[in-house]
Amino acid sequence: MAGEAAPAQGRLLLAAALVSDAQYNRNIPFETSPGAVRLYYLYNHWVMQATTYFFIFLNLSLVLFEEPAVYPLPFLATSLIEVLCLLVFSVRLMHFAKVTPRNVFWKDTKNICVMVAILMSLTDLAIFGALRIYNVRSVRWSRIVRPIFLINFAESRQIRRAFRSIRNTFPEITYVFLLFMFSVLMFSLMALKLFGERNLQTAEGLPYFTNYLEIVFDLYVLVTTANSPDVMMPAFDFSWWYALFFITYVIINTYIFMSVFLAVVYNNYRKHLKNEIRKLAYMKRRKMVEAFNLLKEEEGAEFVVREAQWKQLVKLVAPDISNSHRELLLHISDDEQKGFIDKKSFVRLADLLNIQVITLKIRRHPLGRWMPRVYSSAASQFLRSMVRHRGFVWTYDVIILINAIFIALDEESPYISYAEWVFLALYIIEILLKVYTYEPRTFFGKNQFWNWFDTLIIFAALTATILNTTLKSTTEYNSQQILDIVFILRVLRLIRIVDSIQRFRVIMNTLINIVPTMLTFGGLTLVVYYVFAIIGMELFQGKIQFFPANSNAPHALECGNPALKDSMFARGKYCKNNFNNFASSFIVLLELTVVNQCGFAKVTVQAAKLYFIAFHIVMVIIIVNIFVSFILEAFFVEYSLEKSEVETAIEQKIQELGMGIQEDELQDEKLIDNMESAEHDLEGEGGTKPQPKGLVFKIASKRYRTVDALLQRMFEAELPPEDEGPSFEEILNLSPADAVQRNVTFEAAA
């Protein structure tokens, strides 16, 4: 018996690993022996992943403390920290090698990249340290490879996917870029012939449009409109007809070509996004089928998973969900209460686990227990029905708007000060009435964000107002800054008004849905900024200096460099825009995303302009356009999607069991899902509609669904239940050209 139990336990453990991979869309090949599976569980544990991310960002942050440093630390300290980080990365990589088949591990490019980056970092650290002993200055060239660890560890698959989008888009965008540069070069040549022999001068007194390469750079910058209309003014002053040249140039290159760039990027983004979604959907289906095959038993003419096995599996995959939640999932999977789950229902388990179901315990209000007569009286019921009424919410929306107007008025007026006390009193009354109406522990539940937000803001404002009044009456201290912060936070209550307007909810839903992906693009942007910041520091460090306004240092007015004398860069007081440390470099690159920096070419060589052009191409033309493409796709999906089949099944089962909280009906269900509202979700004891005793369930707000998850669910809905999809190897090798046209709904959205 023990021998049979051990293989059964091993199959259960392996099946749980496959279901967990399907739930989180992991596609890591791993060994299937019991020991390797346990190591794989450890590898995917959130503590291990959080530790890896911590050391990745610690390694990236070393640039703040290394020369040129924002906060200088001794070289020995930073080098020891870097060695520690590299040691952690090595252990993590060895752990990954233990769970992955050897032939797969050595064929995986990202593993090779991590190993090479570790060796390069150690080599550079040793050489730099040795040369430092002999006071020989060298370049820390390995710092540029640090983002490799952020990209290539298995935890960063979303960032890798974003880089794949760039790599896949780059060939298509190259042809458009060459045509765009041809246009810039042609207009530059025309500008040289038109203005080169007119003896015109720029605002700095330099010859205007006499050098072809400088003309090319100036016109390239004009595409960003950063030097408009300055670049045009000398020619425009000479003759207003010449403005037609620049207007034509801007129309063709800024509006037409930049729009074409976006169109090309968006078209390729959609194509490759669809391919990625197909891969994820097929991979999930394949893993769930594999898990089913491990646990299946014969029942009549079909294979099934027994209820006991299913419960053990769910406990392993999702140990944190409650027993009541688990029983709810069982009721959905085994709808006819047969005691087993068929293949079709089993395959949906990963999706069921991804849907957040909130378990609420119906509690009697404390006042209903302590003072039942008073709390159940006609006056009390009238008061509670008034608080639950929609008009109560609208009334306080109007109060918030009036309060925002008062905040914008003169704060020195005593009437404004008195009005602030009135508004605070009204807000406190609102909170007290809600706590009186709704059961307090449910009202302040962990999922009731807006209740916590409103309460904290109101009592923070009350505390700061009392403190400010007390200090003013006893000392000369003025704590108005405290109130300013609280005023700003209180104005954020206006979001509740936006949230209550139906058409605004689509925008709000989309903004919340894109937050996870914005983190991915944030990581992508960090990598690009980090690499260009390191290069910028090596190229331009110390070329431009910042001096206080009263400084008597030589060339203080020229940003420490005589080459900038009488330049617009120096006159504009841009001296803080330098590459003297990582923080300053990051700010300059942020500005470069929307403007230009011409001062650095003056203090180095003209070829330095290539650095800024390269940054603009990578950051603005490619990455920003990919992000805009994602925003467009997110809005299209939000406007076209209805509730998924799985969510509807859960909601129906909750209502059938009589354990659900109904949501308000919407006029247009295709556009938006119902928004969470404590005023409507928490009726509590004494509500206008009867509530069940004990536990109730509700689906968490659909606003938290990511766009990728929605698209994937749409594609999965089109797969026949019997379709197990291609093999793992075929899935990984799928390309956009292999796509088979499917349902029009998915084609329109993806």
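A Cβ is built for glycine as well, from the same backbone N, Cα and C atoms used for every other residue.
The shown structure was predicted, so the numbers you read here are calculated from the model rather than taken from an experiment.
TrEMBL assigns the feature transmembrane segment to one of the listed ranges (208-228, 586-606), namely 208-228. Sequence-distant contacts of the transmembrane segment (46-65) (same chain, six or more residues past either end, CB-CB distance under 8 Å): 71-73, 77-78, 81-82, 84-86, 88-89, 92, 95, 143, 146-147, 149-150, 153, 155, 526, 530, 533-534, 581-583. Note on the transmembrane segment (173-196): residues 208-210, 212, 215-216, 219-220, 223, 234-235, 242, 245, 249, 252-253, 257, 260-261, 264-265, 268, 617, 621-622 of its chain, located 6 or more positions outside it, place their CB under 8 angstroms from a CB of the stretch. Under the criterion of 3 or more C-beta pairs below 8 Å, with sequence separation of 6 or more, the transmembrane segment (240-269) and the transmembrane segment (208-228) qualify as touching. Using a Cβ-Cβ cut-off under 8 Å and counting only residues 6 or more beyond its ends in the same chain, the transmembrane segment (112-134) has close neighbours at 75, 79, 82-83, 86, 89-90, 93, 106, 140-142, 145-146, 148-149, 151-153. Looking at the domain 'Ion transport' (392-640) alone, the prediction's average pLDDT is 76.
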